[in-house]
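Undergrad: The feature chlorophyll b binding site is assigned by TrEMBL to LEU67. Here TrEMBL flags LYS98, GLU99, ASN102 as chlorophyll a binding site.
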Amino acid sequence: LLRVTGIRELPVWYEAGAVEFKFASTRTLFIVQLLLMGFAETKRYMDYISPGSQTKEGSFFGLEAALEGLEPGYPGGPLLNPLGLAKDIRNAREWKLKEIKNGLICLVLC
């Protein structure tokens, strides 16, 4: 609406993502993404194999308590749950279900 009325010169929505990254190449971004996601998913997998092993002191640079979740493989704590919406496991399951339902609604509507 701002573009059509001439208030702002914004790109069309389907061309907005066509901007080239100037701070890093695509290869560099891919490798960094691969390393960071690989690290996070490996820690999550290790928590599935041995529940509670990733919250032991010294396993993650002193941030173990900040990432401690309610279930194995699902991190939580004040770092990933700053609003405290999922304090107990029933509430956490309810929020997960709401997230899935809202995501499906968005997929259908888009």
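Using the three backbone atoms N, Cα and C, a Cβ is placed for every residue, glycine included.
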Undergrad: Sort LEU67 (chlorophyll b binding site) into helix, strand or coil using the DSSP assignment.
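TA: Going by the DSSP assignment, LEU67 (chlorophyll b binding site) falls within a helical segment, counted as helix.
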Undergrad: Have a look around the residue listed as 'chlorophyll b binding site' and count the other CB atoms within 10 A of its CB, chains all included.
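TA: Cβ-Cβ neighbours of the residue listed as 'chlorophyll b binding site' within 10 Å number 19.
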Undergrad: Name them in sequence order: residues not among LYS98, GLU99, ASN102 whose Cβ is within 8 Å of the mean position of the Cβ atoms defining the chlorophyll a site.
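TA: Close Cβ neighbours, site residues excluded: TRP95, LYS96, LEU97, ILE100, LYS101, GLY103.
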Undergrad: Within 10 angstroms of the C-beta of ASN102 (chlorophyll a binding site), what count of other C-beta atoms is obtained when all protein chains are considered?
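TA: Excluding its own Cβ, ASN102 (chlorophyll a binding site) sees 10 Cβ atoms within 10 Å.
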Undergrad: State the count of C-beta atoms found within 10 angstroms of the C-beta of LYS98 (chlorophyll a binding site), not counting that atom itself.
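TA: Around the Cβ of LYS98 (chlorophyll a binding site), 10 other Cβ atoms lie within 10 Å.
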Undergrad: Sorry to bug you, but what's the C-alpha spacing from GLU99 (chlorophyll a binding site) to the residue listed as 'chlorophyll b binding site', rounded to the closest Å?
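TA: Pair distance, Cα basis, whole Å: 20 Å.
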Undergrad: Output, ordered by sequence, the same-chain residues six or more apart from GLU99 (chlorophyll a binding site) with a CB under 8 Å from its CB, or 'none'.
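TA: The list for GLU99 (chlorophyll a binding site) is empty, so the answer is none.
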